[in-house]
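The structure under discussion appears below in the form of structure tokens.
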């Protein structure tokens, strides 16, 4: 049996808002239909507070534009129908006023309200008034819309009195859980994450790549805390767009690793920090696949590639090698026999069947950066969500974003307990 999606807060809030509107009309025995109030209410209920405000403003603008053009038609309608063939003239007038309604939305630089404005116009100019005077009819259409906006706003901004935890930091694996099969952050994940952050949840991410690789996704995720980048080698502030803290390979050891790779004739990239700027040095490529891999990456304006060796005194965060899985295994075996205090992280099938090896300091781990975040921001507990093969408190299947967010929401809102090891 397929897993059924759970009923989310937007569905619940919309249901409650509709019920409130119905109760208002029943309690006050209004003779008119609640239809237009309900339409405004449903449209204005949005998944996050920012969208709720935006849609309320759009609805107000659309209502005023549509009410204005609709009023014009209602006032001239009797005269038009008195002409010979007046019904055809009225059809032409309606089409022309739709054009004017859309143009007014564009003129006021509210293009996104054009469709809503046309709906309001049609509700006033085309729908039957049932004998209601023109002035009263227009007034009630405007009143109903504003009532619907008000009910939606109140319901959307009413929250249960949760006892939210302020001592726990939540970290989610960006590569394994948040990104989807096409390696993108989908709209649902973006919306839910931003909701949690807007509610005050202390949420951050751990990514295996440099910020340049995920900057587009970070721009739509409204995180307030720094993110852990390059698998634990750096802590990156999204708002200030700068590196706060890095863990690099010891200088002498970095020189030995560089000599080892050079002696092996292995093309490699050196990711170095120079004056808080990440520079990527590279040498000669051995085959076309490695060159094409570089050509694809260098197109990003946020990646700074330099041919040659790093300057003296810079921090070497890690070395990366693109090669066949067999050759990568040989490199790890040879280098680990010579050097201690390094860690080797391999990502398979990165480009044309090749694997990507990262050689880092053994202390450059996500947990080290989690501890740093906790110390800097005063959190006493942390909870990390990752996939198999990663060191995380909670291991989830690949891409199981829903389970991660459900647990974070429950724990943050005081409806669930932290795992025993974190209490």
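Keep in mind that glycine also has a Cβ here, set from the backbone N, Cα and C atoms.
Sequence annotations record features per position, and here TrEMBL assigns domain 'Integral membrane bound transporter' to 24-155. Per DSSP, the secondary structure of the domain 'Integral membrane bound transporter' (24-155) breaks down as 106 helix, 0 strand, 26 coil.
The transmembrane segment annotation in TrEMBL covers 12-30 (among others).
Annotation source TrEMBL lists transmembrane segment at 60-80 (among others). Counting same-chain residues at least six beyond the ends of the transmembrane segment (60-80), those with a Cβ under 8 angstroms from any Cβ of the stretch are 40, 86, 89-90, 93-94, 97, 100-101, 104-105, 108, 110, 113-125, 129, 134, 137-138, 141-142, 145-146, 149.
Residues or ranges marked as transmembrane segment by TrEMBL: 86-106 (among others).
Nonlocal intrachain contacts for the transmembrane segment (113-132), taken as residues 6+ away from its ends with a CB within less than 8 angstroms of a stretch CB, comprise 36, 39, 43, 58-59, 61-63, 65-67, 69-71, 73-74, 77, 94, 97-98, 101-102, 104-106, 138, 140-141, 145. Marked as transmembrane segment by TrEMBL: 113-132 (among others).
Panel annotation: around the transmembrane segment (138-156), residues 13, 16-17, 20-21, 24, 32, 34, 36-46, 49, 52, 56, 59-60, 63-64, 67, 70-71, 74, 120, 123-124, 132 of the same chain, lying at least six beyond its termini, place a Cβ under 8 Å from a Cβ of the stretch. Sequence annotations record features per position, and here TrEMBL assigns transmembrane segment to 138-156 (among others).
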